[in-house]
Amino acid sequence: MLLFTRYCYSVFTVYYSSKYDPTFKGPIYNRGCTDIVCCILFIICILGYVAVGILVMPLAWSQGDPRKVIYPTDSRGQFCGQAGTPLETKPLLFYFNIMKCASPMVLLEFQCPTTQMCVEKCPDKFLTLLKAYTNKEDFKYYKNFCKEGLEGLTVTQILSSGLCPAMLTPSKPFTRRCFPALDQKKGGEITVGNNSKFDDGEGNIRDAKDLVAGVKNATVVIEARQVVMKIFEDYTQSWYWILIGLVIAMLISLLFIVLLRFLAGIMVWVMIVMVILVIGYGIFHCSMEYVSLKSEAGSNVTLKDLGFQTDFSVYLHIRQTWLAFIIILAIVEVVIILLLIFLRNRILIAIALIKEASRAIGYVMSALFYPLFTFALLSIVIAYWAVTAVFLSTSNQPIYKVFNETACDHSRKICEPANFSTSSMKAECPDSKCLFAFYGGETVYHKYLIGLQFYNVFLFFWCANFVTALGQMTLAGAFASYYWAFVKPDDMPAFPIFSSLGRSLRYHTGSLAFGSLILSIIQIIRVLLEYIDHKLQGTQNKCTKFLLCCLKCCFWCLEKFIKFINRNAYIMVAIYGKNFCTSAKDAFFLLMRNMIRVAVLDKVTDFLLFLGKLLIVGLVVCFSPQTVVVGSYLIAHGFFSVYAMCVDTLFLCFCEDLERNDGSLARPYYMSASLHDILLEETEEPTQSSPHHINCQMTNTSS
């Protein structure tokens, strides 16, 4: 132990004596521009982004049509429910044969190979054309789902001409489209309209489960739309309560931060005890549910046999679900208790950091409102990207292709619906149809459209990450000026936030652009991997699937790591004014020299702040509509993101302070008395002559 301490002392003494400036007194004001090349590249790309909007947007605006996104499109390329058109009263899209949507071609062309038409409402009963044709009232109802020109035709002629569907099934409107009203009984049996079988209109009795394959690709969208509609309904009915709830969330967040400053220790331990009690109650509740399902029929079905279900309530009727909950909660409970036992001293340091962060925010109160500035900039970036993306993606022309059920040489060839009935394609393939396939084009603009869309997405990531990075560096500079002020607030700038923001934009735009560029490249690679995975669905083998899964996992981990490095690099840039790579290296090695503190304090403080967010959300939801959950969490996250940045900045300054100073009159600590006292309680300080000796002993003791 002694030899290790002496070795650390000699290494760090030599290393730091040549590295550190003894006159360092906090954030350097006399600094120069960093990462100029990346700054120029970023400005050029932004100018190019604006140029794309100026030069291309007029063409996109002239050919683009956002209605293609808002309204469903029938087989003729017409918009269902569009105001001012004959289809204004027909807002829903009806599929003649939904079972054909299970074709693999749907995954390649994103178009169901069956006739689609706009209808006023979805069918609500079982009916075949053969049966309806013999009853005047039924046939009148059936005509609502048929094309015009049925007079004088027989059933055979109607079906061969594709004027009517062979059958109708009870359906419900989802995302403005009519899908069969499928349901699942507790035994797992699939039904449609409370029937497990139906007549397909061609003399065959089929199972209701045959309809599942045609609609399964839309189930996720259906569930998402239901959530959005619920939020919209809540907003229109109780918007004033929602506004009041959001104001309450802001006030509670401010109150919570004030209380943390004076009662941080008590509040943290109370939250931890509450979490333990809640988890214990959860284990008890899950155990009771597990026992109660023992005698229920079908409850012993495994999760593997059940498969993925969009109705998550189905899983609550399976015993294996509750057993999984019990195991997970028990593991979490044990882990938390063990952390409390073995890391209680580190939790005290985390509490001291939280107290210090509260004091810092008290001196820099304007930091609490900085997220509003970040939110405004992100809103501009998102709005520009969204408008550009919508008009670029809808600036194509309608493309029609030949769809058929039998072998045909003209299958999937481009056709013209106006003269298709008299064309040679129709003559050679009598059962074929000319249906709307997708939006596209053959001009130079359309050929390079995918490149413009990619550029739009990439610049969106880059600009959004740049705005986030600017906020992090601005807050870091403000809080670092607080930490390194020996006499607070006399040694602090008059306006720390504005001073830090000015330095960041004037000197370190290149460093911000460099870090956000690296992160954007990784994010765009993740998007491409998701796109490839989506394109290969249904055709990939197990090896390809495994490889894609590994790549997505690796890049997800890499993105998290880069975000961590960038965050700490921006703090070092704000303090020292060095370039991004040097700051990232210094931050990385500083954190590695304090690895145990980083591993514990970072996660402990994040967890404690997360508990604070949940507490605020819970208090607000008790007196407000459920819609306020998302809004109140975002408000709490906005306040606590400032808090988290403050803690991270103070922690890096804390580590720097330990390595630079030794607490003597010549080199006093800049840390507060509370941090200093906890540090001395944790470590036994043999000398006052070397900060490196202290740091080695702390690292050795912690390990």
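Using N, Cα and C of the backbone, Cβ positions are placed for all residues, glycine too.
Small disclaimer: the values here were computed from a predicted structure and weren't measured.
If you check TrEMBL, you get these features:
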COMPBIAS  686-703  compositional bias 'Polar residues'
REGION    683-703  region 'Disordered'
TRANSMEM  34-61  transmembrane segment
TRANSMEM  239-260  transmembrane segment
TRANSMEM  266-284  transmembrane segment
TRANSMEM  322-343  transmembrane segment
TRANSMEM  363-392  transmembrane segment
TRANSMEM  457-485  transmembrane segment
TRANSMEM  505-529  transmembrane segment
TRANSMEM  607-628  transmembrane segment
TRANSMEM  634-655  transmembrane segment
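Of the ranges 239-260, 505-529, 634-655, the one with the most Cβ pairs under 8 Å to the transmembrane segment (363-392) is 634-655. Sequence-distant contacts of the transmembrane segment (505-529) (same chain, six or more residues past either end, CB-CB distance under 8 Å): 31-42, 457-458, 461-462, 465-466, 468-470, 473, 548, 551-552, 555-556, 558-559, 562-563, 566, 569-570, 573-574, 577, 579-581, 583-584.
Between the transmembrane segment (239-260) and the listed ranges 266-284, 457-485, 634-655, the one holding the most Cβ pairs under 8 Å is 634-655. Here the transmembrane segment (266-284) has long-range neighbours at 259-260, 325-326, 329-330, 332-333, 336-337, 340, 347, 350-351, 354, 608, 611-612, 615, meaning same-chain residues at least 6 beyond its ends whose C-beta is under 8 angstroms from one of its own.
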